[in-house]
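Noted in TrEMBL for the protein shown:
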ACT_SITE  LYS188  active site, proton acceptor
BINDING   PHE80, ALA136, ARG252, LYS281, GLN283  NAD(+) binding site
BINDING   LYS103, ARG252, ASN253  substrate binding site
DOMAIN    42-154  domain 'Glycerol-3-phosphate dehydrogenase NAD-dependent N-terminal'
DOMAIN    177-324  domain 'Glycerol-3-phosphate dehydrogenase NAD-dependent C-terminal'
Amino acid sequence: MVLMIIKLGLNQGFQLLVVAVGEVLLLNSLLSTLSTSALFMENVKYLPGIKLGKNVIADPDLDNAVKGANMLVFVTPHQFIDNICKSLVGKVRSDAEAISLIKGMEVKIEGPCLISTYISEQLGINCSVLMGANLASEIAEEKFSEATVGYGNNREIAEQWVQLFTTPYFMVTPVQDVEGVELCGTLKNVVAIAAGFVDGLDMGNNTKAAIIRFGLREMREFCKLLFSSVKDDSFFESCGVADVITTCFGGRNRKVAEAFAKNGGKRSFYELEAEMLQGQKLQGVPTAREVYEVLRHRGLLELFPLFATVHEICSGCLPPSAIVIYSEKKPRLPV
């Protein structure tokens, strides 16, 4: 897990601290490399050959890392955010600003809770989001890409995040739609799982294009179902259609789903994840389950056949080939 803490203000320059909490195994290679020699500023496990900036400091002590920080960047599998927030309660500045790059949601009895909302509620600070079509390996190689900052009411804070993340090869655009931007980043992983099934079964580009279109439609409908304030324009930003496309062709959710389909669903996602991702975590599978729980609770599963089918395949209730069977139905949700 990674939590980046920006300790100095925008007018002072930045000092980034990469903090490992909980399952430190995910960052062992980075932590050991940075702590043993300043000459090898490299994450040899996940980004071999890419030199990290000298302003990146590995610190496994969460309390020490957040001390005095005024901007916090949350980047972790969403399964761990609960423990992270609980450990940070009472330890962050009251005027600190947070931004979440986390894909997923917390499903509670009273309904789904976005990660940005959860962070805000737990720590008492404002939380924006950053999502978009930006595979880490390509950004590390400084290939041009873009992202979307979703913010609430404070445009000034949004511009500060834009200034922080923008580089000549990384373009960031602010959008006043936290819910829409965050849900796009979350739901695209479910669509990528479906695209991986199509690839694993060698169904071809026409089928994959159809699955992507169906997925985008259900993403929009699900977003509008939960938050009527979600803006249609958000789906045309990097966090929307662009992120769906790149994730369905190059992301790890697609990759592992392809292997799952090739094995006829006989090897679990848990097993394939451990074998193929070197400690990284899939987000599409748990997100599909969470979406399924929300829809089942509301009696709306039949209105979201793609999302429902993805979860039922992941859980072993249906074979991977079922990914195209659902399309015989044409339910629509008025939004």
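Residue positions begin at 1 at the first shown residue.
Placement of Cβ uses the backbone N, Cα and C atoms for every residue, glycine included.
Curation does not apply to TrEMBL; its annotations are automatic.
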Task: Among LYS103, LYS188, which are recorded positions, the residue with the most C-beta atoms within 10 angstroms of its C-beta - done: LYS188
TODO: Compute the C-alpha separation of LYS188 (active site, proton acceptor) from LYS103 (substrate binding site), stating it in Å without decimals.
DONE: 9
- [ ] Take the Cβ of ALA136 (NAD(+) binding site) and count every other Cβ within 10 Å, whichever protein chain it belongs to.
- [x] 14
Open item on the list: From the DSSP assignment alone, can you count helix, strand and coil residues within the domain 'Glycerol-3-phosphate dehydrogenase NAD-dependent C-terminal' (177-324)?
Closed with: 114 helix, 0 strand, 34 coil
Task: Tally of residues which DSSP labels helix, strand or coil - the domain 'Glycerol-3-phosphate dehydrogenase NAD-dependent N-terminal' (42-154) - done: 30 helix, 34 strand, 49 coil
Open item on the list: Between LYS103 (substrate binding site) and ALA136 (NAD(+) binding site), how many Å separate their Cα atoms?
Closed with: 14
Open item on the list: If I take the alpha carbons of ALA136 (NAD(+) binding site) and ASN253 (substrate binding site), what is the distance between them in whole Å?
Closed with: 14
Task: pLDDT averaged over the residues of the domain 'Glycerol-3-phosphate dehydrogenase NAD-dependent N-terminal' (42-154) - done: 88
